[in-house]
Amino acid sequence: MKLYTHKINRIVDGYLDNLNKFGLNYMFEQDLIKITLDLGIPNNNIKFYNLNNSNSNSNNNNNNNNNNNNNNNNNNNNNNNNNNNNSNNSNNINNKNDILYNIIIEEKIDLIIFYKSIFSENANNISKTFNNLTTIIINDNIISNTNNNNNNNNKFYEINYPFKISTLLSGYISGLISETNIIGYLKTNKIQDQTLLDTFYFGARLSNPMVKLMFYTIDYDFKNASNNNFPFQEIIELSVSSLLKNGVDLISSSFENNEYLTFCNILLKQNIKIIGSNGFLISPPLNKDHVLFNSVYNLTLYILPIISNLINNTNTNNNNNTNNNESTNSQFNINLIFNPSISNLIINNINSNLSMIENQILNDTNIILTNQLNNESIIDLGIISGYILFKPISKTIEYGITIVSSILIGALIIIQICIIKYKNKPSFKSASPTFLIFIVIGGIFVYIGVIIWVSGVNVFTCNAKFWLISLGLTTMIGGIVVKNFRIWLIFDNPKLYHIKITNLQLLPWVLGMFLLNVFLLSLITGLGKLTPFKVFPNDEKFSSYEIQCEMMDGGLIALYFLLGYFAIIVMIGIFVSWKIRIVDIEEFNESKSVAYSLYSIVFCLLIIAPLTISKTGHNTEILCSGFIFIVAAIITIMFIPKFWALKIYGAEGSNEIFRQSSSSTSKRKNKSSTTNDPTNLDSISKKSSKNAPKRVNLFLYDFTDDDEESKQSSSSSKGDTIECMDVFTFIESVQPNSEAANEMTYNDDPTYTEPSEQPTYTESSEQPNPTPRTLTATPRTNDLTTPRTNDLTTPRTNDLITPRTNDLSTPRTNDLNTPRTDGILTPRSINSLATPRVEEPMSPRQYHNMMITLSPILEEENIVVVEKDEVIENSDSESESSDSNSDSIIQ
């Protein structure tokens, strides 16, 4: 006797901890081999075949039987009869060209078993074609029996498998064990799976009326895998993860065979217990550790009488069996195997209610369908299709971001050229051209990173975008902070200390920021292991997905440190911008520009930081747009004012110091000749009108790239300061009756008049300020050198024209080289006041600039002078007080 069995899929070895073959098919194979051996049928007479394969699967044995037992004599007679009948129908078989028919003829099959109800039509046709062939079909359709009522062959058998009992038991036990009172279920889109879902939930409600059910429907094409763009394993992982997020602690399914194996494997990875059902045989090691219970059915107990009758050549009428309802537990010998973690109280509860559960199954009207329940008790989470729509970045957005970034890169290159061209102009030199170049280079890095970001998702782009954007922002922010930190140190200097900070001294700070950023990015790359992964904008529906970069937990920690690092740099920059608000020179005061730039960065970082960590959809477009805005805002805020100032003020700048600085080179060349020639009134006038205070000289030579240039600029600036002081010394040391004093009068000036023997004074109101002053007989009013009296009309006596005494080392003469004569030591006479002092007339603009430039430095000294003047007016020693006042002004 030869048996032929049909099944859909075979089970492979090696699943789940050296798990043996399991599943309904394999269980039936083992049981069938066992009972046939007991009946004396050799194993090589049993053949298992997969209908989905074109060739027979010789999983077990060859078809040739060389050694027949004595018990097979009757079988041989039956085989001969079958062969005769089959030969009579050979013409009909050849016309059908059915591989099943060929196998039956070639292998001389006596009995064929179909495992699935979907092949009921094949079983019915074969039974009608081969009248002497015993045909058995196991009906796994829990809705109804197979439509084989018109089959008159008395060797056709139908066995109804009790799926409902197993499913109801799974639901009953799940309701007892669940701690959250929320259970999950996964089913396919088959009609019978909906019935299994109803049965599962009905069993759970029998044991726990408060339980809730959440389920997904998996719409997967198992026959044509090419119709699916998503692997079945990933779909199960998505659905299981979503159920766990909703508070589910137990999950069951209607999957079978390989699909059930995949489902169990995923549950084990999530550390979720497996609910065995549907007769799956699981090895004891797995059962003890991971499976809550098994319900195993021995189908061969019902098949055994059929095979025995076939061996004994006894025909049994199966009409009563064909239309039978599902067999009960006693007929299939159900065995429940529980996990040791389940308490004895639950086990006793199940065993005591097992008969009640069977009676509920036999009466289908007691089962409540899911569509009859309210939404509070059962929740349909939707359908997960095997073909999930992939939504990449829109081509319009990709092209738009790429084009905009490319245009901005071109604009930055043009700005870079302008910086190099106009680096010596006040608007750019005052802003440190070296660091302006760093800012522009950083912006180019960011835009290149944005272009790579939207070009696609792979391992390279996931890492490159982090490196380029992060290093670009560090270079930009570092350049802004460091260059303004120097301005703060120079201008926030009340005591006017000499501070020299060159670009070479600042570059290590920018380099340090850059290297620290490289270190953090290395940690992100090494620990994060950025790889592409699929993101679902709608976590519950899973209708579409995007591909983004996934980062491991170690990389996320380094990313948090990187974001904190940027926050610290930005806060320092905001503080520095607040400190340099005191600078009253437009080219140096970038407080508003820096503040606005950093505020825009803070605003965008508050949006970018959460999106960088999250896995939501469409964050690529938001992040790229944010980075484009940050760089564009910084470049616009920092450079538009500089180009505007270049257009308005040109090469001279907005302040007198830049005009002085531009002409200081030519003045230094003629320094020796002009300072040694007191008769050169023009050079003396220019020196005396120099409006550069010490505060200006502190930063005129500080914005250089090397120490040598800084030293040269420093010495020249100091020379200018000494040069200005020499003018004061020369004017104050000229004697009233000397030739030098007489030469200082403007003889060619038509407004000049010779003084009389006695000076004639006019009221201060007759010569309004700032009328050009001349040292005629008319005294000066409201000036630091004008003789003061109580009513401001009486001329000051013994004023600054009184010669200095022995406190000066060498007395000056007309040419400033001859020692002073003895006449210097004689006291001043009244007539000496008649000799006028002459200064070069000053225009209102020059006088205004001089007063504004000197006022920050001399403000405190003027107060001291006024106080001293009041004391001098009541003092008897007017000569000594005048010398003290002149010395304080010169200092």
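Placement of Cβ uses the backbone N, Cα and C atoms for every residue, glycine included.
Computed from a predicted structure; not experimentally measured.
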Worksheet item: Going by what Swiss-Prot says, which of ASN125, ASN589 is noted as N-linked glycosylation site?
Response: ASN125
Worksheet item: Are SER455 and THR620 on the same side of the membrane in Swiss-Prot?
Response: yes
Worksheet item: By DSSP, how many residues in the topological domain 'Extracellular' (455-461) are helix, how many strand, and how many coil?
Response: 3 helix, 0 strand, 4 coil
Item to complete: On the DSSP side of things, how many residues of the topological domain 'Extracellular' (527-555) fall into helix, strand and coil, could you say?
Response: 5 helix, 12 strand, 12 coil
Response to the item:
The recorded stretch from 400-420, 506-526, 556-576, 626-646 sharing the largest number of CB pairs under 8 A with the transmembrane segment (462-482) is 506-526
Worksheet, complete the sentence: Answer key: the stretch among 400-420, 506-526, 556-576, 626-646 with most Cβ pairs under 8 A to the transmembrane segment (434-454) is 400-420
Item to complete: Would you kindly check 400-420, 556-576, 626-646 and say which stretch has the most C-beta pairs under 8 angstroms to the transmembrane segment (506-526)?
Response: 556-576
Item to complete: Find, for the listed glycosylation sites ASN125, ASN132, ASN312, ASN353, the residue with the lowest Cβ contact count at a 10 Å cut-off, counting only other Cβ atoms.
Response: ASN312
Discussion item. Can you tell me the CA-to-CA distance separating ASN312 (N-linked glycosylation site) and ASN132 (N-linked glycosylation site), as a whole number of Å?
Written reply: 14
